[in-house]
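Feature annotations, courtesy of Swiss-Prot:
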- 8-39: NAD(+) binding site (BINDING)
């Protein structure tokens with residue numbers, strides 16, 4: 001035990017985008033970390049970068065949460081005192097095409113994880129949920145900006161997996177009084193570690209706006225596809241609440257600290273800035289960060305997308321003593337720094353840098 005905190009935090013999906021940044025914050029705050037990741041949409045190089053940035057050793061297990069014996073072995077061999085759960089498939093568009101894969105991986109994997117926690121008496125559980133559990137908040141009964149009390153209704157298989165998992169956790173905490181769970185419904189992550197050593201590294205063509213724009217800027221993609229410009233917004237493009245990944249990582253650790261001090265049973269928190277940006281506003285901010293206009297084409301709407309997802313983060317601001325501190329422009333600047341430094345992300349078979 002090297003940290004000032006007692007026990008070890010298991011981070012599932014810790015080699016992924018948000019997970020890796022959260023591991024850095026955990027280690028900087030004195031926690032010890034064990035990462036479990038099947039590397040289906042991440043690379044082990046991220047683990048090496050975590051160690052490089054923090055100067056601390058991370059225990060890494062390449063384990064799929066569907067592999068119950070392998071997961072049980074991790075719990076048996078480590079003194080795990082809390083779990084932060086990021087692992088899962090995460091693309092809205094892809095989930096519409098392969099729904100069974102999303103239901104099997106995301107839901108069954110989480111059930112296996114909770115069963116291991118129960119077996120090994122691990123209490124505190126931070127679940128990486130999503131604003132997609134709100135479905136379309138502009139429907140009747142919805143509210144913008146979105147409070148935690150907004151009716152939930154997933155509009156894509158991905159969003160429904162997050163909603164079902166929330167329901168599973170809520171049901172389990174009603175009968176399992178030793179489970180203490182935070183449901184973190186975050187909005188649209190972006191940005192990268194200010195060192196430029198960690199960032200979003202999607203395998204294949206990016207599904208999210210910021211890494212897509214970044215690959216256009218660095219020359220890996222020809223142009224940005226804007227999925228629809230006929231939404232009822234100021235410029236016709238959808239509105240999202242973008243949150244810097246470092247702000248998001250700090251929120252996960254704030255939630256964990258809160259659980260260690262308070263028994264909440266099961267409580268949701270929105271993680272966002274409270275300010276929405278359209279696709280074109282983000283594109284303009286990124287163009288400013290790069291220093292030139294970036295090409296785009298308008299294409300038909302994407303299945304499962306909704307017009308506006310903007311958070312009301314008041315509960316997290318007040319209870320977790322957390323709020324965002326980085327702007328959409330800073331998100332773009334940090335993303336661009338990462339993409340310039342590592343045009344091919346963690347794929348070290350490419351040595352090209354962008355000048």
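Start at 1 and count along the chain as shown; that gives each residue its number.
Note that Cβ sites are derived from N, Cα and C of the backbone, with glycine treated the same way.
Its Cβ placed at the centre, residue 24 (NAD(+) binding site) has 24 other Cβ atoms within 10 Å. Neighbour counts of Cβ atoms within 10 Å were compared for the binding-site residues 28, 32, and the top value is held by 32. The local packing around residue 36 (NAD(+) binding site), expressed as other Cβ atoms within 10 Å of its Cβ over all shown chains, amounts to 29. According to its DSSP assignment, residue 16 (NAD(+) binding site) is coil. Sequence-distant neighbours of residue 12 (NAD(+) binding site): residues of the same chain at least 6 apart with a C-beta under 8 Å from its C-beta are 19, 35, 36, 37, 65, 83, 84, 85, 86, 87, 113. Comparing local CB density within 10 A for the binding-site residues 8, 20, the maximum falls on 20. Every protein chain shown contributes to the tally, and the Cβ of residue 16 (NAD(+) binding site) ends up with 27 other Cβ atoms within 10 Å.
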